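What follows is a single structure, written as structure tokens, with notes after it.
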Amino acid sequence: MPALAPPVATIRVAVRRALTGLPAGGPVLVACSGGADSLALAAATAFVAPRLGRSAGLVTVDHGLQGGSAERAAAVAAWAEGIGLAPVECVRVEVAGRPGGPEAAARAARYEALVAAARRHEAAALLTGHTRDDQAETVLLALARGAGPRGLAGMPARRDADGVPLLRPLLGVGREQTRSACEVLGLAPWEDPHNRDPSYARSRIRADVLPTLVRALGPGVVDNLARTARQVAADNAVLDQLAGEALGGARHTGGGLRVEALTSLPSALRGRVLHCWARELGAPPAALSHRHVAALDALVTEWRGQGAAYLPGGLRVVRRAGRLVAVGC
Ligand SMILES: Nc1ncnc2c1ncn2[C@@H]1O[C@H](COP(=O)(O)OP(=O)(O)OP(=O)(O)O)[C@@H](O)[C@H]1O
């Protein structure tokens, strides 16, 4: 028997690792755009899942933003059925009229549709094809935008999306390998024109910044950036746990947080406690920035008898009788 081509084998091993230990039951669903990453992921999942005694399906989303998108989605779905994936769904979403820029609106519509499909099929998990290169790009973007440790942790290999486990089995696999795997398997990936559109910051990172870094610093850069994300994520997990405990210790029985307890915390931990508390109060996480946390922190460390911190979601926090409390705006 001929030896299995390394990229195909590498991707199958990554998928096997991700699927091992999932609770028995519903199928795993691959979110597939038809691009090389998710096509290679879908092919590997079709091979691995039955060998682990579970079924595997595929969902492809048509954003309706480009000519031919419906045909692309239909071709992906037909290919998936042909290799034995089931269930297979082709979902059309409406992007227009959603808040945010076009990219954010498309992503929000896509994840909504993917999670809804996973729910419909009682899927054990939803799998996406993000690779090590996507992770490196995410870390660079976070670094450039000053996103702090939360951003530098990049994308987790596993997270909960409204009750559905979302897995990224290929975070340790290079994009070159997904391309090679498609070639070996005779698959013709779809090239998303958005990936080359220089009006997107990620496209510029992909086309210019990362290749320049690799040329200047060597081919290990992508792996190093992805490793940095893993290390920061591990540190974040510990700090988040400590912050949760510190938040519990700072609560006042009458509501709000005790300033004295907050003052005694190291500033890195206090920032996390305040961030966590602001979320608890109802500040939408996506709108909560370091500026809001700094405003809360100033109430603890620089307070001169008056002033308030304003948080997204119409929240106002003041310092009163040795406590931070949320009051109506
Ligand atoms: N239209 C879509 N339908 C279903 N899943 C999608 C769609 N677009 C993206 N995804 C999922 O999200 C992942 C990340 O997509 P994104 O467009 O950010 O990266 P990409 O590098 O272009 O990935 P790919 O090569 O698989 O298209 C994909 O690998 C895929 O799992």
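Cβ atoms here come from the backbone N, Cα and C positions, even for glycine.
According to TrEMBL, the ATP binding site annotation covers S33, G34, G35, A36, D37, S38. What TrEMBL records for 28-207 is domain 'tRNA(Ile)-lysidine/2-thiocytidine synthase N-terminal'. The feature domain 'tRNA(Ile)-lysidine synthase substrate-binding' is assigned by TrEMBL to 257-324.
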Note to self: Between S33, S38, which of the binding-site residues has its C-beta surrounded by the fewest other C-beta atoms within 10 Å?
What the structure shows: S33
Notebook entry, point to check: Which entry in the list of binding-site residues, G34, G35, has its Cβ near the fewest other Cβ atoms, using 10 Å as the limit?
Noted result: G35
Next item on the list: Could you name the residues, excluding S33, G34, G35, A36, D37, S38, of the same chain that surround the ATP site, i.e. Cβ within 8 Å of the Cβ centre of those residues, in sequence order?
Entry: C32, L39, A40, L41, G129, T178, P189, W190, D192
Next item on the list: List the binding-site residues S33, G34, D37 whose Cβ sits under 6 Å from any atom of ligand 1, in sequence order.
Entry: S33, D37
Notebook entry, point to check: What does DSSP call S38 (ATP binding site) in the simple three-state scheme?
Noted result: helix
Next item on the list: Using a 10 Å cut-off, grab the number of neighbouring Cβ atoms around the Cβ of D37 (ATP binding site), all chains included.
Entry: 25
Check: Can you tell me how the residues of the domain 'tRNA(Ile)-lysidine synthase substrate-binding' (257-324) break down into helix, strand and coil by DSSP?
Finding: 35 helix, 14 strand, 19 coil
Note to self: Counting only residues 6+ away in sequence within the same chain, which have a CB under 8 Å from the CB of A36 (ATP binding site)?
What the structure shows: R175, T178, R179, A181, C182, L187, P189
Next item on the list: Pop the mean pLDDT for the domain 'tRNA(Ile)-lysidine/2-thiocytidine synthase N-terminal' (28-207) in here, whole number is fine.
Entry: 94
